[in-house]
Amino acid sequence: MSIKRIGILTAGGDCPGLNAVVRAVSKNALQHGVEVLGFKNGFDGLVRNEFINITYQTVSGIVTLGGTILGSSNIANPFNYTLPPFGSPETPRDLSSVAMHNFKANQLDALITIGGDGTLHMSQEFVDMGMPIVAVPKTIDNDLSATDQTFGFDSALAIATEAIDRLHTTAQSHHRVMIIETMGRYAGWIALRSAIAGGGDIVLIPEIPYNDDVIVNAILERKAKGKNFSLVVAAEGAQNEQGEQAVARTVAGSTDAIRLGGIANKLSQMIEEKTGIESRACVLGHTQRGGTPTAFDRWLSTLYGAKAFDMVMEQKFGYMAAFHSFKMAEVKISDAISNLKRVDPHGEEVRAALEVGMSFGSAEIG
């Protein structure tokens, strides 16, 4: 089969590096004489048949640009569509056949999807329907087991580390406990690595359940040693020993309906009540997703994009581009979504953190 026209979309939450992937795919394709249609707002564009024709001019200068020129959506699921006028949260519809019709009507030979776990699951469902798809993994949480690192993670880590650096000085000046809430729904990579890099005192991650009393004791022990401030870095998905997480809200129709958030405020109140030490919460939130990607992420995104189009030309459909030992590879999408990559509570990074005096808020680890 000759490849003459392809589609590309960015879905799920945005992150630094998306545009660099779009640029690499598009420039590689255009140099091979292949047309590129960029579908707007993730899979929503495929359902509504809304797209742009990507040219060299379209992608000129976007390698440094945050966000995505194509737009994105983390609630537009063609298999459970809830957006008006075609559906609603009360009456979701399966519009996957509409998306498939639009794919064929546009005479596309392949579709490149860029997204995280939810996007990969939807991509696999379309592969099962016969759509020729190549996927590119995207998540700032870095929790996909099938690839060593996803683009966007390095940028999010840099932002979180800079925030900890800045909060370090204000915590020290006012003798406070500062609780920094990072992203990390199922995996604590951002929290752990930024805490190590920024000199955090306590780090709470989803993989190691925490205990309020252990956190309090760690802070009081620091105070007894003359250290009149503490930095607590908490992943949004951290849970206590009862398995409780801080839930901000639920979103109907989303692939991740439960939106976590609020652990920093919860901990701030608890710590101040139990220690008498002034405590403040700082939620980094979407600052970790926005802005210019780091040099590493621009480089990695370009490798992912170039590899994805190469896979299209080789007709490696149903596969995802992956990054293994600083080389590009391919893995089945079905394998990529089977397991999450989580922090090993007994691994080298946790051990290193413990050896420099960091607490994980757990009597079991330490």
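From the backbone N, Cα and C atoms, a Cβ is placed for every residue, glycine too.
Per TrEMBL, domain 'Phosphofructokinase' is recorded for 5-311.
The ATP binding site annotation in TrEMBL covers G13, G116, D117, G118, T119. When other Cβ atoms within 10 Å of the Cβ of D117 (ATP binding site) are tallied across all protein chains shown, the result is 21.
The annotation Mg(2+) binding site is assigned in TrEMBL to D117.
In the three-state DSSP assignment, the secondary structure recorded for G118 (ATP binding site) is helix. Residues or ranges marked as site 'Important for substrate specificity' by TrEMBL: G118.
The feature substrate binding site is assigned by TrEMBL to T139, I140, D141, R176, M183, G184, R185, E236, R280, H286, T287, Q288, R289. Packing around M183 (substrate binding site) is summarised by its Cβ count: 27 other Cβ atoms lie within 10 angstroms of its Cβ, all protein chains included.
Counting only residues at least six positions away in the same chain, the Cβ atoms of G116, F153, M183, G184, R185, Y186, A187, W189, I190 sit under 8 Å from the Cβ of D141 (substrate binding site). D141 (substrate binding site) carries neither a helix nor a strand DSSP state and counts as coil. The active site, proton acceptor annotation in TrEMBL covers D141.
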Integer Cα-Cα distance in angstrom, D117 (ATP binding site) to T139 (substrate binding site): 8
T287 (substrate binding site) - helix vs strand vs coil (DSSP): helix
Candidates G13, G118, T119 (binding-site residues) - the one closest to T139 (substrate binding site) by CA: G13
G118 (ATP binding site) versus R289 (substrate binding site) - Cα distance in angstrom: 17
Mean predicted confidence [pLDDT] for the domain 'Phosphofructokinase' (5-311): 92
Sparsest Cβ surroundings (other CB atoms within 10 Å) among the binding-site residues T119, T139, T287: T287
Cβ neighbour count (within 10 Å, all chains shown) around G116 (ATP binding site): 23
